[in-house]
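Visitor: Here it is, the structure in full.
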Amino acid sequence: MMKKYYESDADLSVLSGKKIAVIGYGSQGRGQSLNLRDSGLDVIIGLRKGKSWDAAAKDGMNVMTVAEAAKKADIIQILLPDELQAAVYKNEILPHLSENKVLMFSHGFNIHFGQIQPPGNVDVIMVAPKGPGFMVRRQYEEGKGVPALIAIHQDHTCKAHKTALAYAKGIGATRAVVLETTFREETETDLFGEQAVLCGGTASLIKAGFETLVDAGYAPEMAYLEVCHELKLIVDLIYEGGLTNMRQYVSNTAQYGDMTRGPRVIGPEAYEAMEEILAEIQSGEFAKEWMLENMVNRPVFNALTKADEEHLLEETGKEVRAMMPQFRK
């Protein structure tokens with residue numbers, strides 16, 4: 001059973017007098033830093049000059065270079081894309097990572113796969129909200145919170161756990177629930193979820209269903225509505241109460257088809273593929289592949305992205321959404 005923590009388990013005063021540098025101002029960077037600031041904490045933003053710098057300044061944040069932020073901060077939260085973290089850490093953070101500082105992440109990729117290897121005289125922790133940055137911010141503003149994971153990789157000061165919980169409280173996570181995990185578990189399950197179910201599995205299932213209907217002569221608009229547009233309605237029901245809840249709201253015909261035909265779509269071959277995907281993650285094969293892909297300017301990534309953007313599914317989706325007032329800007 002995972003350990004769980006709530007508001008009363010975390011002490012925000014642990015961060016009193018501490019300067020927190022958030023490196024990056026994308027979705028998570030913005031959401032977390034604004035919440036920390038509104039929780040009364042001392043936050044600075046480390047960035048390179050550009051749109052993110054301007055956005056952070058417009059939000060009233062104290063913005064400076066990454067190196068300046070790392071030098072001034074007691075706690076350094078790296079919220080850059082995985083593929084950029086190692087270089088920024090080596091060139092702009094490590095020179096200022098003095099004893100007893102705290103190095104923090106919201107995903108364990110670079111620590112777990114050895115892309116970043118911190119010195120032994122600092123704390124290394126993770127606070128990972130289980131939701132996108134805009135939702136972290138929205139829930140906080142509504143007096144709620146997005147659940148989060150915490151993990152301790154290195155506890156030089158013997159205060160790492162309290163620091164992680166305090167930070168989680170600062171971004172509003174303890175209003176929901178904070179669960180304790182490890183860098184390994186968070187990294188491997190997160191990557192697997194993205195690849196096999198949430199992004200890869202779902203996207204491939206939608207495209208396969210769409211293509212099957214269109215190839216059989218059905219209108220692309222009908223195919224889109226049935227296999228993509230309506231998916232949100234089903235996912236919302238599952239999110240609210242699991243598969244059982246979803247099945248209480250669909251027809252008996254739909255439920256019977258679900259239980260008898262679904263396993264034919266996701267059958268033994270799918271399980272074998274999932275096991276292979278998990279093994280590639282666990283061995284570090286995927287991480288190595290992704291790092292190499294970035295070293296050669298992402299030829300596979302760019303080609304696959306372009307192909308999906310030009311897929312009939314995407315063109316049809318634009319046309320269908322244009323018919324509906326709620327999607328008109």
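Using the three backbone atoms N, Cα and C, a Cβ is placed for every residue, glycine included.
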Visitor: Going by Swiss-Prot, Tyr25, Gly26, Ser27, Gln28, Arg48, Ser52, Asp82, Glu83, Leu84, Gln85 bind NADP(+); tell me which of Gly120, Gly131, Gly133 is listed for that site too.
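Guide: Among the candidates, Swiss-Prot records only Gly133 at this NADP(+) site.
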Visitor: Around Asp190 (Mg(2+) 1 binding site), how many other C-beta atoms are within 10 angstroms of its C-beta?
Guide: 18
Visitor: For His107 (active site), what is the secondary structure state per DSSP, taken as helix, strand or coil?
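Guide: Once the DSSP labels are grouped into three classes, His107 (active site) ends up as coil.
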Visitor: Tell me the Cβ contacts of Glu194 (Mg(2+) 1 binding site) under 8 Å, same chain only and six or more apart in sequence, or just say none.
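Guide: Residues satisfying the criterion: Gly200.
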Visitor: Work out the three-state DSSP category of Asp190 (Mg(2+) 1 binding site).
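Guide: Assignment for Asp190 (Mg(2+) 1 binding site) reads helix.
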